[in-house]
Amino acid sequence: MAAPGENLRINPDRLWDSLMEMAKIGPGVAGGNNRQTLTDEDGEGRHLFKRWCEAAGLEVAVDRMGTMFARREGTDPDVLPVYVGSHLDTQPTGGKFDGVLGVLGGLEVIRTLDDLGIRTKHPIVVTNWTNEEGTRFAPAMLASGVFAGVHEQDWAYDRKDAKGKRFGDELERIGWKGDEPVGERRMKAFFELHIEQGPILEDEGIDIGVVTHGQGLKWLQVTLTGKESHTGSTPMPKRRNAGLGMARITEMAHEVAMDYQPDAVGAIGHMEVYPNSRNIIAGRTVFTIDIRSPEKEVLDAMDQRIREGIELICEALDIKYEIEQVGHFDPVTFDETCVKAVRDAAERLGYTHRNIVSGAGHDACWINRVAPTAMVFCPCVDGLSHNEAEDISKEWAAAGADVLFHAVVETAEIVP
Ligand code: GLV
Ligand code: MN
Ligand code: MN
């Protein structure tokens, strides 16, 4: 298989301009983005991406989960396409690059092929997966999970946001529920470019992370029920304080993760307090414990210890608890051949690189179950992500997209 020549590069200015143009849709309050899944802003971002794809001569299809597939034909009608992409949805206080770089990096691959007049044997399909973030509708990576057969489509449609709105209804409302059955596409390979979302590459001054593994995750959503009562007149021994329960569980989950250093992590990022009044002891709290580890045994051990801890804490405070697992994936090992294509591309282009484990979840983690998959990481400033201040340089974005281009094009096979 002929590798593309090392002189072939994407257009850094065009990629950057597209990233900045997309970031104008659903601006955040502090320079980032709030383009949460299935909001009007998500719909607007999709329209812009579709216009760009069509301008590049791609045919855009949409499946029943709203995932967008933009296809550039190959020269051989009988071979499987190479897929590339990520997500355009953001956190409520998200950055401009998480996910977006992988989608627009994929589009830049196509635009560069067009500039250079290169045909490939295999078609190339740029993909925007619906609801990667999982912030509005848990779990994360919902559409890629349905695609990979991990979740039922009807179960996904029934997922509700904090206001009780259903995923399926919101998908229809924004006009992006397509006709195509989910998960029937077969892929030669899937490649996802993403910012690292951690500090390793920047600290070590390395251009490219060759992602060999993804760490596993569990999301345990806990509901504590105590009793609403007056903060001033309820004697301390008579309180059934669901807020105190949440505080103790927050501490406990942190301690459990600390017991499995250096690799495990754990935190509670989602917290709701009811009725959330200054002078009412919280009668109910709902929150999600997010635990992660690259080792399945560790993840399972943390899960068990946290469940035992919750039982003890609630017993002592005389409050009830329910635990619902609202997200889960086991640690992932990416495909050797695809990983090699990424490493070889970085090497050929003269970029410094190292192997790396993804701390975040990605659509690639699910797609890896149904297609050979790999990821490319580029650094981000201070390792910061899921924050409006998330930032990368144009050079970092370009290096990542160059490596993506080479890995994808080598896999899709240039037609001489
Ligand atoms: C997805 O963004 C996750 O890692 O939570
Ligand atoms: Mn992401
Ligand atoms: Mn994210």
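The backbone N, Cα and C atoms fix where each Cβ goes, and this holds for glycine too.
Because TrEMBL annotations are produced automatically, they should be read as predictions rather than curated entries.
TrEMBL has this to say about the protein:
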type	residues	note
BINDING	HIS87, ASP98, HIS194	Zn(2+) 1 binding site
BINDING	ASP98, GLU133, HIS386	Zn(2+) 2 binding site
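When Cβ atoms from all protein chains are considered, those within 10 Å of HIS194 (Zn(2+) 1 binding site) total 29, not counting its own. Of all Cβ atoms in the protein chains displayed, 18 besides its own lie within 10 Å of the Cβ of HIS386 (Zn(2+) 2 binding site). Within its own chain, GLU133 (Zn(2+) 2 binding site) has GLN36, THR37, HIS87, ASP89, THR90, GLN91, GLY94, GLY99, ALA140 as residues 6 or more apart in sequence whose C-beta sits under 8 angstroms from its own. The two recorded residues HIS386 (Zn(2+) 2 binding site) and ASP98 (Zn(2+) 1 binding site) have their Cα atoms spaced 8 Å from each other. Those residues of the chain, other than HIS87, ASP98, HIS194, with a C-beta within 8 angstroms of the mean position of the Zn(2+) 1 site C-beta atoms are SER86, PHE97, GLY99, VAL100, LEU101, GLY102, GLU132, GLU192, ILE195, HIS362. The Cβ neighbour count for ASP98 (Zn(2+) 1 binding site), using a 10 Å radius over every protein chain in view, is 26. Compute the center of the Cβ atoms of ASP98, GLU133, HIS386, which mark the site for Zn(2+) 2; besides them, the chain residues with Cβ within 8 Å of that center are THR90, GLN91, GLY94, GLY95, GLY99, GLU132, THR135, GLN197, ALA360, SER385. DSSP classifies HIS194 (Zn(2+) 1 binding site) as strand under the three-state reduction.
Within 10 Å of the Cβ of HIS87 (Zn(2+) 1 binding site) there are 28 other Cβ atoms, across all protein chains.
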